[in-house]
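Chemist: Structure in structure tokens, see below.
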Amino acid sequence: MMYRTVGFGTRSRNLKPWMIAVLIVLSLTVVAVTIGLLVHFLVFDQKKEYYHGSFKILDPQINNNFGQSNTYQLKDLRETTENLVDEIFIDSAWKKNYIKNQVVRLTPEEDGVKVDVIMVFQFPSTEQRAVREKKIQSILNQKIRNLRALPINASSVQVNAMSSSTGELTVQASCGKRVVPLNVNRIASGVIAPKAAWPWQASLQYDNIHQCGATLISNTWLVTAAHCFQKYKNPHQWTVSFGTKINPPLMKRNVRRFIIHEKYRSAAREYDIAVVQVSSRVTFSDDIRQICLPEASASFQPNLTVHITGFGALYYGGESQNDLREARVKIISDDVCKQPQVYGNDIKPGMFCAGYMEGIYDACRGDSGGPLVTRDLKDTWYLIGIVSWGDNCGQKDKPGVYTQVTYYRNWIASKTGI
């Protein structure tokens, strides 16, 4: 017996050319939209994610010399660790997702130093963070076991996901970082500083009138020049404003107290340094951040390019400016600065000169107490000088004289704990 399947009769239908064209266009459109959505979700719909990592560097010598001028400087250890984490993820399968890392804390422990680092990645928002958290820890564990640069205990590695707001605030609270690229242009004279370019710059004001510059070194402390308080000594009439304009200020704080160096004497101009504590904590943002302080043992060579900022006058006898200005100058050697036609014996220990011997760019009235800064290879900025004194502004053979921060580093620490 043969089985016969039931068949349905068919009739051929010829599609017209225009209908075929429409179908092709529709098909291509669907494919293009699908690919576009896929690209959008895989490439463009990616969000920054922050992860807190910690591990221990096992070396008692680091702990013993922590903070001292020895083989392991804090700055070097921080840079070495950040470079190490960079290399680990750039050499991993997640190199396209990795953005950066930042060491936010180094804590001495009995057998070494605990490192806390914030790692920033970019992933599609659809993926599970818990899975990535474990993967990041796994990558760190595997790579660290084969490292020779630092004796890290691989079993001490811990990784935890952070909320975007907490991660960003933690990164912002780290010193010496800015979001605006360095302006390569070259206050007597200088140029107006872009918004958020120098987020540690502050204006010290007496009865709401600008008197001096100051530099933010924590969320409650600033560094400035002692001579700023020579005339007005009541802290309750002083305020500090932040931002690139004096009016309107981005943020304002009352002064709780200021501490002038005990050995400061106006006639000699030595020990021209003071610290200022504000009455309430400063809220960090892209526009307001703290700068790093160098170690006491750090040295900065003549001819190094540095940057000065301030609201001071544009010429000798002029008035302070509402807009923050910036200028690029160079450190001048003591040998040159102590020449008779320059400043001779007026240059004492704890002072240095910066600017140009031909004049041009210089600090001026109203810039006093403000910052002279430089950056390292990791683009971290350090306060190395405080605007102190000089003859006129931008005059030939009369560069600006600055208080040397490294000379007073231990004094700053003794007063502020920073």
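Every residue gets a Cβ built from N, Cα and C, even glycine.
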Chemist: Choosing among CYS337, CYS353, CYS393, which residue does Swiss-Prot name as bonded to CYS364 by a disulfide?
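Modeler: Recorded partner, per Swiss-Prot: CYS393.
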Chemist: Other Cβ atoms within 10 Å is the metric here; tell me which of the disulfide-bonded residues CYS212, CYS228, CYS337, CYS353, CYS393 scores highest.
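Modeler: Buried the deepest by this measure is CYS212.
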Chemist: How many Å lie between the Cα of CYS353 (disulfide bond) and the Cα of HIS227 (active site, charge relay system)?
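Modeler: Checking the Cα atoms of CYS353 (disulfide bond) and HIS227 (active site, charge relay system) gives a distance of 18 Å.
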Chemist: Give the helix, strand or coil assignment DSSP yields for CYS353 (disulfide bond).
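Modeler: Strand, per DSSP.
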Chemist: Do you know offhand how many angstrom separate ASP272 (active site, charge relay system) and SER368 (active site, charge relay system) by C-alpha?
Modeler: 10
Chemist: Quick one: of HIS227, CYS364, SER368, which of the recorded positions has the smallest count of other CB atoms within 10 A?
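Modeler: Each of the recorded positions HIS227, CYS364, SER368 was scored by Cβ atoms within 10 Å; lowest is HIS227.
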